[in-house]
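A.B. asks: Mind having a look at this structure? Questions to follow.
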């Protein structure tokens, strides 16, 4: 039974009475009488007035008293009155056990078993004063005990180390084994562990025991000791200086799991914290052994191994090549496919991320199925794992443009674009940009899973973050050209309110790489007639002309500088972008926009036709081609044709009829044809003769060995010069003379739909593939009859066999070319 002096108790009556402090020398009998006078026992309420309050009308207890945990009922604590003898006994018991209570609180281990000590604690949640004071004393006692034990351990180890070193060097393997196990036990205590690591002779003896002993138990004990030492920097240094790394690497071939664990964790600690360890592990052949260990199935063990590989491979090309030669990519991809332990997946993805920047490892990872394996974890709940997978996928994506079976990855990437993490969105946009480059299947897949809508929203939400907008714009540029759903994508950008945002990206402070991508996207969007008016209303033509003038001025200044100094300076660059690329891109976009009459009128008002004419003299054939193309569209209007002629375009256009670039020659012929519509018959006759002569010039050279400025993949043996002839014959074939039997005269209104790609080489501004192989032309491709000249442009042209003797042209009419935009310049579908 707990007892609490009256002075420390809280009464439950409304009229509380606290007696004055008792004199220090009052007998127990007098104290009892005073307690009785103070109504602590059997109070009737007459003397104290404790129950004289008016009872509640509701008959309920006071709400405040009802919920107060400190209130208590005296009748419960004292069910009956105590006699004087009982009170004396209680006082005597408390007095006699006071020292025992103090001892129990401060030194409980000194009490004898079976002794019951009365407690003075009334509330279990409130410790007594003695209990509160005992906490610091217990801490002090434990500190003293630990200090004594530490000192004992240190002294013991210091005295034992010399003898243990001798035993470790003994020739008897049994002695060595016993000594190694003893040292291992000592290393488990901090004091003796410090004594061991402070002894270079002891660490060296342990390393020798590992290297020379064939006994598994002694090896296990010795490497276990090194493992314990490796948790301290001083121990790591001692192991490194004693030549422990080669010995530990050797143990990576051990068949014993515990030895392997000790060895790999010790090496891991060395690689993390000890300078020089990386090179030592490489020289000892550790990389090869670690790659071999990847075949094991213990996930925690594999996590340590992969982390070691990441440390060794990071920033070291030689290590990456060693991992490749040892079959590392295949094993790492297997781990990503086979396990779900987050830490293992994270460490493995870190290794793959390091290897993915190596040009040699990149295709190996892709071939091993790395893209699909990494895609499996894009929905993982671990942000760090998802981030590593995305970075790795982005690094690999430029080598995976021809990989099939990426539908699940593409769908996941489209979903990831909705993330609020800037890094995640940046990676996803970059991966989509690379995987949709020149891959029609991936383009169609992304469009079908809502990729266009997601990319437009991404661009809108990105604001001025060019690390997001640039890859997103590039991805849209790819999706809007050269695949079955490209027209749907072109419309989807407009329907998702993306045109205004895209045009605004042409404004400052956008940098040139982003501007270049936007120009290509606008050019592709203009292929959809429904986009012509919105693009014009959002100011696309004005900004394209502004950029063209700026880039043209930069290139002209560069030309003048070269002419003045005579030096061969490189082309004008800005943020890594050649200004010639901007010239080509803007003129190409204006070329497509000029297919619409209102756009042609606006372009004429910009006073930019003189620049187009001057670009006909440019040494870069791609620029000549787009310049001739936009002039071809502008010449469809009488006003445009007159301005072109006034700017002196007839001369350069006539010269370009002799160009070895098929597109340039064809556009030049078309412009001259349109300019001649209002000319006298004599002028038309002279132009007809000029065209005939240009086609028949150096006939043998053209058909045998002429260099058309095309890449080897686009040249077809001795027939390489025939494509330009086919194009020109197509343009001028329909005449009263009916050079090709079976073709009816068609009304000609415009060149809309004619799209002539530039071939590779010949001074192309971008250096990208400019043509599309006929094998990939799609359903629009037409195979010429046997013996007829072939061309990469045959997919857009449907012509019969050519009568080589009928080479007369009548300039009264020109047919409308087929409206097929599959064969576009590759400048608009690259990731450059």
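We number each residue from 1, going along the chain as drawn.
Cβ coordinates come from backbone N, Cα and C, glycine included.
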A.B. asks: Out of 737-764, 765-792, let me know the one Swiss-Prot marks region 'Disordered'.
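C.D. replies: When 737-764, 765-792 are checked in Swiss-Prot, region 'Disordered' belongs to 765-792.
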A.B. asks: What are the DSSP helix, strand and coil residue counts for the repeat 'ARM 8' (487-527)?
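C.D. replies: Helix, strand, coil within the repeat 'ARM 8' (487-527): 29 helix, 0 strand, 12 coil.
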A.B. asks: Could you put numbers on the helix, strand and coil content of the repeat 'ARM 3' (233-272), residue by residue per DSSP?
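C.D. replies: DSSP classes over the repeat 'ARM 3' (233-272) add up to 33 helix, 0 strand, 7 coil.
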A.B. asks: Mind checking how the repeat 'ARM 5' (359-397) divides into helix, strand and coil residues in DSSP?
C.D. replies: 28 helix, 0 strand, 11 coil
A.B. asks: Over the span of the repeat 'ARM 6' (398-437), how high is the average pLDDT in this prediction?
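C.D. replies: Mean per-residue confidence for the repeat 'ARM 6' (398-437): 96 out of 100.
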